[in-house]
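The structure appears below as structure tokens.
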């Protein structure tokens with residue numbers, strides 16, 4: 001034991017030496033030489049006996065084993081010490097780690113940040129390798145389905161406020177899926193891989209999914225057919241009640257729990273006034289391994305080509321679900337913190353908005369500026385600077401062109417290109433009369449406003465929320 005302790009101390013000291021050299025930006029050869037010594041000491045140390053101590057480090061992310069077949073999309077890296085690192089795949093796993101590290105058992109938060117996927121990008125569909133996600137999560141021990149219903153309400157509020165078209169939120173439960181697989185005869189070892197196949201049903205036909213299950217994943221054809229009978233069903237609370245009467249499914253404990261919770265969830269969704277936007281869809285699987293209960297995915301719908309046809313999905317823009325076991329995977333003592341959350345694909349939303357604006361031949365507004373301070377003649381820079389300062393002090397988002405004597409036409413064109421709605425024009429006659437000419441860029445109409453009333457008039461005209469549709 002004493003010999004091992006001495007060796008561990010040498011490893012610690014050598015590790016500090018390597019880190020010090022890196023901080024000092026020493027030469028690459030020197031660092032490599034010291035790293036080699038560190039690895040040699042670690043090799044002499046060998047594997048630790050007994051139970052490993054689970055130490056969480058802020059820069060490292062324990063990502064493997066959380067995403068199922070999607071793990072192949074994680075960007076793996078190695079530092080100079082040989083430690084395996086990864087770029088974050090989502091914001092959920094880092095959040096769970098944060099809860100475990102700080103021993104938090106109750107929190108409600110949102111987070112907007114970049115994530116990375118080693119995927120094939122499709123720019124027109126808003127799919128990138130580096131992109132932003134906006135997450136909202138509720139962590140804590142609460143009564144069933146209340147936080148889950150709130151998450152779905154938030155998704156509906158966001159998509160409704162963005163006015164990007166009609167949408168539908170599909171819901172399911174991983175317990176129902178697991179119970180369904182069990183009663184259909186899927187071996188336990190194939191649950192997750194078959195779940196991943198089912199999750200493709202929004203992109204490919206049932207026959208293609210069945211061929212993958214049978215041909216690539218070795219599932220018996222009759223088992224696949226049995227799964228097909230279930231996963232091609234979708235509806236509302238009536239489908240939940242129908243499945244509760246299914247003798248095989250209701251006999252499975254997991255499925256019964258999931259169906260009971262979904263029935264309660266639909267009661268809350270009705271009270272929130274969003275039940276008509278929710279569809280219980282048995283094909284929704286969400287391939288990530290950390291989900292334990294309710295799962296959901298929001299898709300935009302396009303208008304049917306002919307009357308009587310169902311609306312067609314044009315892509316997922318938000319998703320989430322319940323992950324009660326993820327925090328426990330990071331806690332040294334395995335303490336669990338129930339969590340539920342959602343994730344909005346920011347670039348996906350932007351891509352759809354841009355496509356809509358292009359189709360309507362509308363310009364994308366690229367600034368929050370409310371008014372441009374402009375001049376009609378030369379030698380009025382001082383007056384422009386005075387006025388823009390007055391507007392800034394009053395909380396108005398104003399700007400001016402960084403030129404002494406810009407042409408009025410150039411100033412007006414700048415507003416049209418960037419989407420600035422108003423122009424406050426100063427001229428020699430306006431200065432004499434104590435007024436400012438306020439121009440609506442869209443309507444190309446101008447009115448004289450007394451200088452002391454300008455702030456009030458700008459605020460009145462810009463008080464209405466701007467629509468991005």
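Numbers here mean position along the shown chain, with the first residue as 1.
Placement of Cβ uses the backbone N, Cα and C atoms for every residue, glycine included.
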Subject >> Per TrEMBL record, range annotated coiled coil [choices 350-377, 378-405, 406-433] >> reply: 350-377
Original post:
How big is the L-histidine site in terms of the longest C-alpha to C-alpha distance among 90, 91, 92, 117, 133, 137, 286, 290, 291, in angstrom?
Top reply: 21
Original post:
What is the total of other Cβ atoms whose distance to the Cβ of residue 90 (L-histidine binding site) is within 10 Å?
Top reply: 21
Subject >> Which listed residue (92, 133) has most other Cβ within 10 Å, given these are binding-site residues >> reply: 92
